[in-house]
Ligand SMILES: NC(=O)c1ccc[n+]([C@@H]2O[C@H](COP(=O)([O-])OP(=O)(O)OC[C@H]3O[C@@H](n4cnc5c(N)ncnc54)[C@H](O)[C@@H]3O)[C@@H](O)[C@H]2O)c1
């Protein structure tokens, strides 16, 4: 298995390749892919050679082969089925967005504690959090997005882990405590904005 940094870049490459394919590229050089996502051609070549993809001299990489190989690696055959817990501002925005990785990411359901939020939203069923366990089990869901208030985050997280969730994308500003076999990715827009300022050298 490749490191998290590499897998993140590989997904960026995939998006760039889909874009290049739409523009009519049949073959691409590592330089072109690198320019699309802001890394050097050496990094692109090294990342691809890590997953045993090698380009041809003077031709580069065949775009459709690259996309296919990345899809095989990230499990294109099944789509990524997830749930969203907390259907407030962010949860609703996430369920409204429609172009997740060419439809490969599917939000199967949403959960909230507030009865006024419990209705279908954008054709996604929104249920009471008490129904999460049976829904997660029946649909074999392994990944959840958490968009609940800070104060509820750890409790919601514990409940999801008890239900068999193994990966959490967490928007709440809390460092969640989870068992070793559960992966948490925290999202902080504030940190990302700070990073943009830093890298853009704006003081
Ligand atoms: N990551 C970021 O950059 C970023 C940016 C803004 C907000 N946030 C955080 O994201 C989270 C969501 O923000 P928001 O603006 O969408 O909040 P919100 O208050 O609009 O929505 C939160 C939702 O969670 C529900 N909820 C509360 N307790 C619950 C529980 N136990 N089970 C299920 N649902 C529950 C509420 O009923 C509500 O619908 C907050 O923790 C906020 O601090 C993060």
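Cβ from N, Cα, C; glycine included.
All annotation found in TrEMBL is predicted automatically rather than curated by experts.
Database features (TrEMBL):
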type	residues	note
DNA_BIND	12-51	DNA-binding region
DOMAIN	75-175	domain 'CoA-binding'
BINDING	86, 87, 88, 89, 90, 91	NAD(+) binding site
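Under DSSP, residue 87 (NAD(+) binding site) is assigned to coil, being neither helix nor strand in the three-state scheme. Under 8 Å from some Cβ of the DNA-binding region (12-51) lie the Cβ atoms of residues 2, 6, 59-64, 66-67, 69-71, 73-74, 101-102, all in the same chain and six or more residues away from its ends.
Neighbour counts were taken at the CB atom with a 10 A radius for the binding-site residues 87, 90; the maximum falls on 87.
Counting neighbouring Cβ atoms within 10 Å of each of the binding-site residues (86, 88, 91), the lowest count belongs to 88.
In the DNA-binding region (12-51), the DSSP tally of helix, strand and coil residues is 29 helix, 2 strand, 9 coil.
The Cβ neighbour count for residue 89 (NAD(+) binding site), using a 10 Å radius and every protein chain shown, is 9. Same-chain residues that are not part of 86, 87, 88, 89, 90, 91 yet have a Cβ within 8 Å of the Cβ center of the NAD(+) site turn out to be 84, 92, 93, 94, 112, 147, 148. Summarising model confidence by region, the DNA-binding region (12-51) averages a pLDDT of 91.
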